[in-house]
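First the structure, which I've put down as structure tokens, then a few questions once you've had a look.
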Amino acid sequence: MDPVSQLASAGSFRVLKEPLAFLRALELLFAIFAFATCGGYSGGLRLSVDCVNKTESNLSIDIAFAYPFRLHQVTFEVPTCEGKERQKLALIGDSSSSAEFFVTVAVFAFLYSLAATVVYIFFQNKYRENNRGPLIDFIVTVVFSFLWLVGSSAWAKGLSDVKVATDPKEVLLLMSACKQPSNKCMAVHSPVMSSLNTSVVFGFLNFILWAGNIWFVFKETGWHSSGQRYLSDPMEKHSSSYNQGGYNQDSYGSSSGYSQQASLGPSSDEFGQQPTGPTSFTNQI
């Protein structure tokens, strides 16, 4: 049997039914959707400029843009409606920092989720050895939860800027020909942003998954068990001291009551000596 088959046979795939491994598998899948919908995006818009002199018009001005959304580098030429001169323009804005940060977090989250899932399945004993694996897993989970929150929020703001910069109405305002009422400028095709909207949704879903998984990873660490042990020990000591106090009180009460009862009754010796007094007095008389 080859090593791959031996490793597969030795793996315990039942752990995927547990919340810890199941959430890791979901994180892996959602991370793929996050960076695929953002990093693989390419779109564009189409404008038309109808000049008074029809020979100077351009009814199909295509403007294409894509990830990482360095819009200030996207250039295009438009007619000026003043002869054959052309005006070279560029879109406004740069959302590359937020987009690249979001995709980077998604890629590293995918890689870590894949590695953690493999460890859960094939190396579960080594994972729990010396509590080092759960501790590292807990710290990384907290860090990625924070990164997903920051990255998704930043990319949501970046996407809002991209939508404004690629709005056909905003782009038409950049053209000098469109500022003349005699020329007709209009948007033929607007960019489709549905996949980018989906990427933001998957970003916040990843944050929810990673934040929710903090508890299940925390339960694997020694902190959770030591905390329960610390809470249970004082309760056991309190209950044992209470039982001892009650037992001593009962025994003391029973012994004292017995002693009092014994002291109230006459002893057999005293009862037997009572008739000797009068008899000896009679004999003396």
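Cβ atoms here come from the backbone N, Cα and C positions, even for glycine.
So TrEMBL has the following annotated:
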- 15-222: domain 'MARVEL' (DOMAIN)
- 21-42: transmembrane segment (TRANSMEM)
- 101-123: transmembrane segment (TRANSMEM)
- 135-156: transmembrane segment (TRANSMEM)
- 200-218: transmembrane segment (TRANSMEM)
- 241-285: region 'Disordered' (REGION)
- 244-263: compositional bias 'Low complexity' (COMPBIAS)
- 264-285: compositional bias 'Polar residues' (COMPBIAS)
With the transmembrane segment (21-42) as the reference, which stretch in 101-123, 135-156, 200-218 has the largest tally of C-beta pairs below 8 Å?
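Looking only at 101-123, 135-156, 200-218, the most contacts with the transmembrane segment (21-42) come from 101-123.
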State the residues, same chain only, that lie 6 or more residues beyond the ends of the transmembrane segment (135-156) and have a CB under 8 A from a CB inside it; answer 'none' if no residue qualifies.
38, 97-99, 101-102, 105-106, 108-109, 112, 116, 127, 199-200, 203-204, 206-207, 210-211, 213-214, 217-218, 220-222
